[in-house]
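Copied over from Swiss-Prot:
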BINDING   Gly11, Ala12, Gly13, Lys14, Ser15, Thr16, Arg117, Arg153  ATP binding site
BINDING   Ser15  Mg(2+) binding site
BINDING   Asp33, Arg57, Gly79, Arg136  substrate binding site
Amino acid sequence: MRNLILVGPMGAGKSTIGRLLAKELRLLFKDSDKEIELRCGANIPWIFDKEGEPGFRDREQAMIAELCALDGVVLATGGGAVMREANRQALHQGGRVIYLHASVEQQVGRTARDRNRPLLRTANPEATLRTLLETRDPLYREIADLVVETDERPPRMVVIDILERLQQLPPR
C-alpha cells in the first residue's frame with residue numbers, strides 16, 4: 001500500500017480518523033495543516049492573517065507535494081487542499097484517496113468551538129460551510145477512490161468501514 005489520503009470538509013473527522021487508521025495499519029500519520037504549522041513555527045490563522053489565503057495555499061501546495069511523495073503514510077489534508085489542480089493531481093497520484101463526507105449540520109457541531117479555522121471567522125459560519133461544501137464536494141468526489149459518510153458515526157466505525165471497503169478496491 002502506498003498512502004491513504006483523507007480529503008473532505010473541515011469537521012469531517014480527517015485528523016481523528018486518520019490517526020486511528022494509521023494506528024490500525026501501523027503507518028505514519030501526517031496532517032498537512034500541522035506540518036505547515038511545524039515548518040512555519042506559526043498557526044494557520046496567523047499565516048492567513050500575514051500572508052492571506054493565497055500565501056497559505058502556496059505553502060499547502062508545497063507541503064502536499066512533499067507528503068504525497070512519501071510511502072506508507074496516512075495523510076489528512078486541509079479542507080481546501082482540493083481547490084488547486086496541482087494538489088488534486090498530487091493527491092490522486094500519491095495513493096488511495098478517501099473522501100470523508102459530513103453534512104453541514106455535522107460540520108457546524110464539530111467546529112463550533114474551534115478558533116483555529118480562519119474561514120469560519122464570519123457572521124454566519126453555517127452559510128460559509130454550506131458554500132464551501134457546494135464548491136468543494138465535486139472536487140473531493142473527482143479524486144476519491146472511496147466516499148465514506150461520517151455523520152452520526154463514531155470514528156472507530158468509520159475506520160472499520162474504510163478498511164473493509166479498501167479491500168474491495170481493484171488495484172490501480
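Cβ atoms are placed via backbone N, Cα and C, with glycine included.
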Candidates Asp33, Arg57, Gly79, Arg136 (binding-site residues) - the one closest to Gly13 (ATP binding site) by CA: Gly79
Binding-site residues compared (Lys14, Arg57, Arg136, Arg153) - highest count of Cβ atoms within 10 Å: Lys14
Around the Cβ of Gly79 (substrate binding site), the count of other Cβ atoms that are within 10 Å: 22
Neighbours of Asp33, Arg57, Gly79, Arg136 excl. site residues, C-beta within 8 Å of centre, substrate: Met10, Glu60, Thr77, Gly78, Gly80, Ala81, Val82, Met83
When distances run from the Cα of Lys14 (ATP binding site) to each of the binding-site residues Asp33, Arg57, Gly79, Arg136, the nearest one: Gly79
Largest inter-residue Cα distance among Asp33, Arg57, Gly79, Arg136 [record-listed substrate binders, Å]: 18
C-alpha spacing of Asp33 (substrate binding site) relative to Thr16 (ATP binding site), in angstrom: 14
Distance, Ser15 (ATP binding site) to Arg57 (substrate binding site) (CA atoms, angstrom): 19
Residue from Asp33, Gly79, Arg136 whose C-alpha is spatially nearest that of Ala12 (ATP binding site), among the binding-site residues: Gly79
Candidate binding-site residues Gly11, Ser15, Arg153, pick with smallest Cα gap to Arg136 (substrate binding site): Gly11
Spatial neighbour of Gly79 (substrate binding site) that is closest, considering only the binding-site residues Gly11, Ser15, Arg153 and their CA atoms: Gly11
Surrounding CB atoms that lie within 10 Å of the CB of Asp33 (substrate binding site), all protein chains: 23
Around the Cβ of Gly13 (ATP binding site), the count of other Cβ atoms that are within 10 Å: 24
Candidate binding-site residues Gly11, Ser15, Arg153, pick with smallest Cα gap to Asp33 (substrate binding site): Ser15
